[in-house]
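Worksheet: one structure, shown below.
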């Protein structure tokens, strides 16, 4: 390495300076500046603290600015009905979900990978961001949810009203002035209005919420987010995805392109079609949008990845095909291949939709070649259940427990790897259909017991992230910050990753199998440097895992293999149970506990079995020689009462009254006595501690949505799969 470069590296390391990666000010108090958190404060807790060579390299040569990708959420249920929506928190329609799935494929085809995502606090935008990131295999990237990206607040004059009918009653001119006028505000919404959201938990961190807004108001409130967060990310070379709403996105476009007040009212961003900006950098460091032949117009420098209107025609054509020729779609195994194949199919449908007679001929040909298919049905019936209503036997009310500090620990729902008995580790297995149902059920249980989650911590593995998503959806809390850290990943199983446990047992014998699987200090065989199962070959860890030191050996191996200098981090090639605990427990004690638990906030930790063992080992004082005995059921919320220092289960109406029989419902291994101990309280008058022989937090009455949840048998699942059905129970 050149001496000058080495000196600059050392200087950057010592001073930890970087003019590009400067930290934005978390809270400002001038007009149109930040007064809220949006999850940044929590993320600061585990941002990279170690020196990165990239820091010093960027001192010598600033990185090329990142791309800005703007996506308007998919069609909502109120978009479909031509209803003014504003801050009303409606969901995506089925077509809206398909639009966003298509957008993810367009981004995949364009080779765009996302480093960070910004969205609003409204579910139609948040769910759109989920779908996009899942399609891009980037669910582990940070997502910030800011009210500044919310749709325009339409006040009481427009919110919830039909656009065509309102035009008939008030006149087209008045409605258009409210809708498109730059400075016209509809009548404000009073606090007693049924659609008022000013008292919702979503906005509890704000001093006040708008009662009505003009287009200018909406665009102005988005600017601080641009200046303090999005623009610095772009300067640092990150590709930024912004998933928001028509009017808040127009505000960003107006600022990026310097669109005039007169021209901005004519700028329109359709649902689900990415608008992509590239930037050049002035010598001063300022960004300037790069214009191309694909730029939208003289006013807008960005380029749409597809012509508007084409997708909706294709979706209508596909809906017709599904109705008339069931079962016409087939899927391949690999997500990327499946996504691109689906994109190609959608493009063919676009061509087909343009010629109705051609479409009709194609349908008739399909009917001749294919016998009518059976509609996808759920063939099984839920097994009989006896729901035992257990009256309360103490004055310890669920609300009192939920109001105290609580740590909700949730192992992700089942995956196909779990079902097949495969070592999963850091391999990114998705939830199986049963796992999806388990995650939803967990959210329903928490809702039934009145839990209000303030923050979520999860791993970089999609099975844990998706479990958190689905649970939050059932809690109606999609806006809650989700902090993702690799330190909550499952144990790294090395060369065993992806292999059958049964096969390893048969090949190596029970003693060796038990050591590798549950030995506290024994590591399984290490993955090789170039094995597909080694995280050092996974982009997410190569690019983003920066809070561990560099490995001389791994750097040497990769440099020799590539013929050029490669600096590689010390990413684990195999972990013992102790190795996993050594990263999980400090993350809890140093980050989660002081930043959330000590602030008397409720936290949900969604993770994998061995990472959860680490948390329980710390919280329940389980000795290391017995921690391997602990089994954690998938999809079952375990609630740790911080005040009373005990672990509880959440009643769903199916627990026997006897505590021992209640625990026997689940497989907690041979260490349930260490998990479910009597509560201890420093408060002598604490009646909740006195009742604690019962490990179950009982409900006085079971809500109908818990009673009615179907419980399909394994046979039902198999039949459903053979029939092409999709069971989404819960």
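Cβ from N, Cα, C; glycine included.
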Which stretch does TrEMBL mark as region 'Disordered', out of 180-214, 215-249, 250-284?
180-214
These are the recorded positions: 152, 245. Which one scores highest on other Cβ atoms within 10 Å?
152
Can you break down the region 'Disordered' (180-214) into helix, strand and coil residue counts using DSSP?
4 helix, 0 strand, 31 coil
Lowest local Cβ density among 72, 73, 163, which the record lists as recorded positions, within 10 Å:
163
Spatial neighbours of residue 73 (active site, tele-phosphohistidine intermediate), counting only the binding-site residues 86, 152, 163 and Cα distances within 10 Å:
none
When you put residue 151 (active site, proton donor/acceptor) at the centre and draw a 10 Å sphere around its Cα, which of the binding-site residues 75, 78, 163 have their Cα inside it?
none
Long-range same-chain neighbours of residue 75 (substrate binding site), Cβ under 8 Å, sequence gap at least 6?
92, 93, 95, 96, 99, 271, 272
Excluding near sequence neighbours, so keeping only residues 6 or more apart in the same chain, what lies with its CB under 8 A of residue 78 (substrate binding site)?
84, 85, 88, 90
Comparing the recorded positions 86, 151, which residue's C-beta has the most other C-beta atoms within 10 angstroms in this structure?
86
Please name which of the binding-site residues listed here, 72, 86, 152, 163, is nearest in space to residue 245 (site 'Transition state stabilizer'), Cα against Cα.
72
